[in-house]
């Protein structure tokens with residue numbers, strides 16, 4: 001894979017252009033502020049009733065309606081929730097874009113699954129920082145940055161890649177490294193990771209471990225500590241130095257037990273199910289299911305949210321976290 005750094009990116013490809021950042025959430029505030037402080041001309045596009053309008057103005061940013069921001073802009077970054085992007089694109093973005101403009105995303109869902117099909121007359125690019133927005137912002141203010149992915153879906157002007165690199169540089173990402181990929185690969189790996197490992201697999205593993213201990217007669221508090229609370233200690237070791245760092249840092253007892261018992265949990269049958277989940281991402285079945293869920297009023301999602309919030313691990317967890325001064329919000 002191609003990796004680019006500061007010397008490979010030129011902010012000149014965005015200087016003198018009008019840049020609209022649509023949305024001012026976790027990623028939106030980081031993109032808007034970092035680019036502004038990199039010397040670029042940035043406005044934020046929001047709904048008139050958005051609670052974020054006041055926050056963006058307080059940060060020194062000019063705020064317009066989404067339609068007006070797009071009409072003004074040469075480059076538009078869409079940082080709105082996936083499920084709202086198509087409707088807003090159809091009603092407020094597409095009618096106000098001109099040939100030669102650039103449409104940018106931080107995740108490829110709507111482009112890859114053809115919910116949004118831009119005309120061939122505009123650039124379509126992706127710049128995806130591989131960290132939450134608060135870390136994108138914090139590292140920038142510290143003079144550093146986080147790694148970013150870029151992808152070029154369509155180059156109408158001959159400058160799409162240079163603009164994507166310039167955007168990543170404006171975020172601070174070129175100091176860490178900018179990896180070139182495709183919309184397809186970013187979207188499919190991102191969704192699979194969320195479903196099979198990060199949000200789905202890990203949560204179900206935690207609940208199953210907690211339930212196993214409680215059903216065997218152990219106190220819920222001990223089950224919570226062993227299966228939920230201490231997971232952060234292990235994940236931090238993974239994050240800092242990979243599997244080897246974790247194995248080096250834990251006791252020999254933990255290392256041996258993990259290496260000999262872990263494969264009994266993640267069996268070939270589990271991996272086969274992972275492959276099925278990946279296939280549903282690849283062939284669009286998950287995307288269709290999610291879009292139908294959104295259009296149907298989130299009935300299944302709301303039911304699942306209620307079930308998860310009522311799990312015993314949530315009750316005991318809330319009680320134990322109140323004992324942890326470093327977690328108690330002031």
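Along the chain as shown, the residues are counted starting at 1.
Backbone N, Cα and C define each Cβ position, glycine as well.
In the record from Swiss-Prot, residues 24, 25, 26, 27, 47, 50, 52, 82, 83, 84, 85 bind NADP(+); the candidate from 133, 143, 145 listed for the same site is 133.
DSSP assigns residue 230 (Mg(2+) 2 binding site) to coil, not to a helix or a strand. Considering only the binding-site residues 190, 226, 230, the Cβ with the fewest other Cβ atoms within 10 Å is that of 230.
There are 8 other Cβ atoms within 10 Å of the Cβ belonging to residue 251 (substrate binding site). Summarising the environment of residue 107 (active site), the number of other Cβ atoms within 10 Å of its Cβ, over all protein chains shown, is 20. A Cα-Cα distance of 9 Å separates residue 190 (Mg(2+) 2 binding site) from residue 107 (active site). When pLDDT values are averaged over the domain 'KARI C-terminal knotted' (182-327), the model yields 97.
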